[in-house]
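Listed in TrEMBL for this protein:
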type	residues	note
REGION	1-74	region 'Disordered'
COMPBIAS	23-36	compositional bias 'Low complexity'
COMPBIAS	49-64	compositional bias 'Low complexity'
DOMAIN	134-273	domain 'TFIID subunit TAF5 NTD2'
REGION	319-398	region 'Disordered'
COMPBIAS	335-350	compositional bias 'Low complexity'
COMPBIAS	351-364	compositional bias 'Polar residues'
COMPBIAS	376-386	compositional bias 'Basic and acidic residues'
REPEAT	435-476	repeat 'WD'
REPEAT	508-536	repeat 'WD'
REPEAT	545-587	repeat 'WD'
REPEAT	588-629	repeat 'WD'
REPEAT	630-671	repeat 'WD'
REPEAT	672-706	repeat 'WD'
Amino acid sequence: MESNSMKLEDGKPQDMEIDPIQSSQSPYSSSFSTMSTAGIGFSNNQSDTNGSVSSPVVNGSTGSRSGEATKAPEASLADKNTLLAVLSFLKKHNLKDTENILKQEAMLSEADMKGGIPSDTDVQSVLLSYASDENPDEYTDAYSQLKTFIDSSLDSYKYEVGQILWPVFVHMYLELVYNEHETQAQTFFIRFSKMQETFHEADLVSLGSIMKKAHLVNSENPFRPLSLGISSGKPGSSSGLYVVRMSREALSLLKRFLQEKRLKLIQNIVQDRIFVDVYDGMPRGKAAVQAVAGHLMGEALRQDNKAKVYYGLLREPDLQNVHMDEDDEEGGGESQNPSSNPTSATPSAQKTDSSQSAQGTPGASSDKSKKKKNKKDWLMSKKGKNDPNAPPINRMPLPELRDIDKIEKAKALREAGKRVPLGPERLPSICFYTILNGDQQVTCIKWSEDGTLMAVGFASSSIKIWSLTPTKLKKLKGASDLAEIERESDDVLVRMMDDRTAETTRTLRGHSGPVYSIDFSPDNSSEDATIRLWSLLTWTCIVVYKGHLFPVWKVVFSPHGGYYFASAGHERSARLWATDNYQPLRVFAGHFSDVTAIIFHPNSNYVATGSADRSVRLWDCVSGSCVRLMTGHKATVHTLAFSNDGRFLVSSGSDSKILIWDLANGGLVTILGQHTECVYTLAFSREGTILASGGLDYAIRLWDFNKLIEDVISEEGGATISPDSKKVSGDHSQVGAYHTKSTSVFGLHFTRRNILLASGPYQQS
């Protein structure tokens, strides 16, 4: 738990006002320059609490719907009980420092504490609301009447009113179990479970396992947030309530029915355990309702998506004065990034790669004098422009680019001028790397930004890195040999490497559990609950981050400088880190289940997360609050991708669906449903016109992204159209499908010249 009381350099606790995100002058030391050449990895050992209650820097209460910062004053009774329960948990695990900090921030006096802390958890006290002396046989009759009423309603109302069937079913069953009417509970479950939506199948399995009162009180089941949700009568306090969005007409119809039939059981549930977000207008149809259904806690509130989001891109740095060697100017092909592969900066390696990647590329055979003549003009034409939707330049402290970073940036921009533009009539070439004998062992695959390195994580707790170019992977020389090198030499990076250690592949070992996620720094994660930073100069682990207490599912670097990175884990939270801090800078708490996907926004001001609670959230790295909540997935979300302009977010998961969201208002743009199994990876082409997807159905599918969003962006470039008024499916935008024989697609990556790299393990029959 010490990981959650982060210390700054002056010894003061990290405040809610983000600073490191401390200051715009990031502490760049020699240790960071070493880290900038490293990849990062995660691990998955078991711990004993979740991050939503463990850190004083959390901006968002545990399981909160909006994820906004918790405010202690004027707390309701339910909020107070929750705080007392958290304090009880911290006291039980002897986490005194965190307990004291929480007491101070919540401003709880000793009088509030006396006799107020539950003996175990807040579950028992809150579940007392399930106590009822109603006739258990009335539950079946009441639910049957409700189902009949909804089925017989007009089509214009039935789909909106029908949203309450699931939460009413769950709460009725839990009430029967809590009041020890076990026989009636089983009868009720068997009769009505078959009438629920198909995407609730997994939920029904979990719900059916709760057969006794003891199971309900003690079990860590997905319905814990629902069972703890009691309305306090305030719209902003709906964190534990199932949210249903309904037109005023549909709600009036439902109320009239319940009053006429005097269904007190259902009335109490609707009043106390369901938050109805009422709007004026025509009721939504079947497609619109089902498109946003699926989240464990219902739909997103309209207020959840009203915060302003700076989704624009930051201005590109001025590269006109960047000095590049003549060899760099003449070298073609995929750029050899010394940050990701310091041994590949030799002129011979660059020329070799140029001869390989120039094939089939228009303009690759242009004479060198013409390229030299136009190089400066081309860099000037790429001078950054101000994006009206971009965040202020000083909003998020980002590291300044070093000279070597600027050179690499200039190389990448020059390569961008040589790549083949893609579109529906010009699809990318695909290079697929099949991993043999990796079935049930390969857990994740990642490429470096320039496409020269490929890293694979394994269930055996190891990481393997391959060089995809003729340049081999070398190790840094010893200290005595390094002392003899002239530091001012132009080829100092080449001289630092030991040619005797050159290999085509390297293996990194250090985790004690399966490695679930890897990322290269533009500059890995595992079951031992640790994040490890590896140096690609020494091929050793240089830092271990231990802020997580349960398995870490995902890790990702910020696209700006490799200083910040983010992680997501089993404890239902995500964390923001800096490479020179052992403790997380932010803990993003608000999801109701494992956080299984995470990605930085292209401007590094936001982090998007996907969860097993079937929702997608966007978090502000500066304030720590949740600024977008998007619902619509019917199963766990596994992967996320931002469009190149930063406005759109694409998500996919175990429901085999790909959903595209507009960050301007948090609305759903379209749904892609051509995959038949879990979609495991997404990638955008370099200019953002083609979206590639792959998964466990042995297929790579290509989509015309411009066609998918053409109805959303008006001629003025800012308006959005509600998904209620357009066709939801975007399957007509598929422009290509490529099938493997028996190899799942675990990773996709577009090179700087728009070649699509793909990889996965061969599935043996």
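First residue shown is number 1, and so on along the chain.
Cβ atoms here come from the backbone N, Cα and C positions, even for glycine.
What you see is a predicted model, and the numbers here were worked out from it, not measured in a lab.
Sequence-distant contacts of the repeat 'WD' (630-671), counting only residues of its own chain at least 6 positions beyond either end whose CB sits under 8 Å from a CB of the stretch, comprise 199, 202, 291-295, 298-300, 304-305, 309, 311-313, 389, 594, 596-599, 601-603, 608-612, 614-618, 677-684, 686-688, 691, 693, 695, 697, 703, 705, 708-709, 712, 718, 720, 722-723, 728-730, 733. Within the same chain, residues 416, 419, 421-424, 427-428, 430, 638-645, 650, 652-654, 656-660, 729-731, 733-750, 752-754, 756, 758, 760, 763 sit at least 6 positions outside the repeat 'WD' (672-706) and bring their C-beta atoms closer than 8 Å to a C-beta of that stretch. For the repeat 'WD' (672-706), the DSSP counts in helix, strand and coil order read 2 helix, 19 strand, 14 coil. Secondary structure of the repeat 'WD' (588-629), assigned with DSSP and counted as helix (H, G, I), strand (E, B) and coil, comes to 0 helix, 24 strand, 18 coil.
Secondary structure of the domain 'TFIID subunit TAF5 NTD2' (134-273) per DSSP, as helix, strand and coil residue counts: 102 helix, 6 strand, 32 coil.
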